[in-house]
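Quick look at what TrEMBL lists:
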SIGNAL    1-20  signal peptide
DOMAIN    27-231  domain 'Neurotransmitter-gated ion-channel ligand-binding'
TRANSMEM  241-263  transmembrane segment
DOMAIN    249-349  domain 'Neurotransmitter-gated ion-channel transmembrane'
TRANSMEM  270-286  transmembrane segment
TRANSMEM  306-325  transmembrane segment
TRANSMEM  370-389  transmembrane segment
Amino acid sequence: MNILFTSLWTLLLLGRLVRSQQLQRRDILNYLLNSSAYDARIAPDYEKDVATEVDVQLFVTSIDSINAISMDYSMNVFLRQTWRDSRLNFSHISNISVLELDQRRIDDVWVPDTYFQNEKSASFHTITVPNELLHIYNDGFVIYSIRLSLTLSCLMDLRFFPMDDQTCSIFMESYGYSIENVALKWNPDDPVIFGLDDTDEQTLPQFYFYKPLEAKGCSTVNSFNTEFSCLEAKLFFQRNLGFYMSQVFIPSMMIVILSWISFWIHVDAVPARVSLGVICVLTMTTQSSGIRSSLPVVSYIKAIDIWMAVGLLFVFAALLEYAYINVQTRKHRKQTKDNEKDKKSMQIMEPQTKTDFMDRARRVDRLSRVVFPICYAVFNLVFWVVYLSK
């Protein structure tokens, strides 16, 4: 009887201390986390057979690079997750509104096992201390935030490269808890926040970046026929054409135009015309190889492949045009030498020979001065209309 009376009196005194807010935060944490009723290995509603709803928000601080060769992109993010754990409700013992846990005590609290499904590599920041935050509110509401650096895969379609748009996704999923135990939900107000500035468009070194096209929930089924809750956010990237205009399109266009100078060089200037044609072909080949080295090997034709192939075709055609001209001039010289052996034959055939071969060579040069630019202009018109109006 005395023991029962003492216990009741102790509880009464404890209640008065708590309601007078003399109970320290340390005592509340010890009460919540060291209690036999709390197990950090078990989800909040696991025993009730109810899914714990986890509200997810992604705060993107920076997008560092988008790599077409490895088909991935890197970003720094804060992953913020909130849920309600009734076992951590302390409103009945204190008027304190929130408990801010030190990172060394976070391991004592249950947190979701969320992971990034399309992650290639990731790192958790630990300088100067592990970058994680956990707040417990008096009604059992929990906020958990961690800072991560992620490299995520992004399957790119490069058919329109470099006039291409890319859609990259962020996939998150619960690793061990099925959808019956943990349900991931995007934050209804701001599922993905970008900390660069307040505009809808951000400028990256090679891309214009727009806010998410879509943020939605999903579910996946593994090989054991277990369904898991997942989240997906799609990001839209539009490639900036300025770099490729200055480094690829304009230089290659100038090389093609440069190859046409041979049409104005005299047909007898063999070293000049041959050297110009060969240099233009080699330059186009080198430029094309440099572009291919910065892109992945794919089974389809890209826009840049068509541009470089047609440019190389025009340059090579200019070289072949002079090969034809050179053949005509050599025929003329040979015929002239043969005719010089017989002066009588020369007097009759020389005028006809000059007209047949030299005039034909000059006509081809004059025709090339018009046909080559017109054909290249038509190609440019079709190319840019098709690929810019996609």
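Using the three backbone atoms N, Cα and C, a Cβ is placed for every residue, glycine included.
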Other parts of the chain folded back onto the transmembrane segment (370-389), taken as Cβ under 8 Å at six or more residues beyond its ends: 160, 163, 253, 256, 260, 263, 303, 306-307, 310, 314, 317-318
Within the domain 'Neurotransmitter-gated ion-channel transmembrane' (249-349), residues counted as helix, strand or coil by DSSP: 85 helix, 0 strand, 16 coil
